[in-house]
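To start, the structure under review is shown below, and the notes come after it.
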Amino acid sequence: MLAKILDFAPALAFFISYRLSSDLVLATGVIIACCVLSFVLQYILWHKISRMQVFLTAAVLLFGIPTILLNDPQIIKWKVTVVNLILAVAIFVCQFLLHRNPFAYLFEKELPLPRHIWDKLGYSFMVYFVFAAGLNVIIAFYLPQLFGIDDKSAESLWVDYKTFGNAILNFVFALGCIFILMRRYPDMLDAFKEKAEPAAATATTSATAPEPSESVNATALSADNASPASSNKADAAK
């Protein structure tokens, strides 16, 4: 839970700072500071950083620092597009050049699906990331021309999309993929349950089993309690 909060906190700080100041350059400085702080805290707390977290933090720094140095809020708007395009290219390279499906690599142990299903999932996400990249360009740069609104209102709408809209789209798309897979391949859910139940049982057993030290202490305590009784019997025999 804390990890999720640390992941989302920079985006929320970006949104709040923009709403309070209406200054995209200032909000960019806030998200840079929060990303670095979140990065450091995660390393201190768990002594590891996910590759995705490293990638996203690097993207914020790559587009955020020039935004501040050049005082140009248009630069930071490209981050969402470039990140989505990099993800699409990564899937393309893995599937077509390296012949290794990234989704199968990550989830095949939990979800034993046929190879062609993993490939279709990869194609779907690749197309979606390209779509998301293009959508960000439209929202970031073409809203005034398309809807006749002023630049400041368009910038505000982009901040809303960047903070919440993009995340909601990602969630809805991923949820839709899972729903379609479960409808078309119900055996997938059964296989997942079969793998999840032994893991849950093992975790429960580990949680309820007494620690070795507790068993030793209990044995020692029983021996101590039994010692007086044994001594009394020995005295009576004498």
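We number each residue from 1, going along the chain as drawn.
From the backbone N, Cα and C atoms, a Cβ is placed for every residue, glycine too.
Over in TrEMBL, the protein carries these features:
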{"type": "TRANSMEM", "residues": "24-45", "note": "transmembrane segment"}
{"type": "TRANSMEM", "residues": "52-70", "note": "transmembrane segment"}
{"type": "TRANSMEM", "residues": "82-100", "note": "transmembrane segment"}
{"type": "TRANSMEM", "residues": "121-143", "note": "transmembrane segment"}
{"type": "TRANSMEM", "residues": "163-182", "note": "transmembrane segment"}
{"type": "REGION", "residues": "202-238", "note": "region 'Disordered'"}
{"type": "COMPBIAS", "residues": "202-215", "note": "compositional bias 'Low complexity'"}
{"type": "COMPBIAS", "residues": "216-238", "note": "compositional bias 'Polar residues'"}
Next on the checklist: Can you work out which residues elsewhere in the same chain, 6+ from the ends of the transmembrane segment (82-100), have a Cβ less than 8 Å from its Cβ atoms?
Outcome noted: 55-56, 59, 63, 119, 122-123, 125-127, 129-130, 132-133, 136
Item to check | Long-range neighbours of the transmembrane segment (24-45), counting only residues six or more past its ends (CB under 8 A) | outcome: 2-3, 6-7, 9-11, 13-15, 17-18, 53-54, 56-57, 60-61, 64-65, 67-68, 71-73, 76, 155, 159
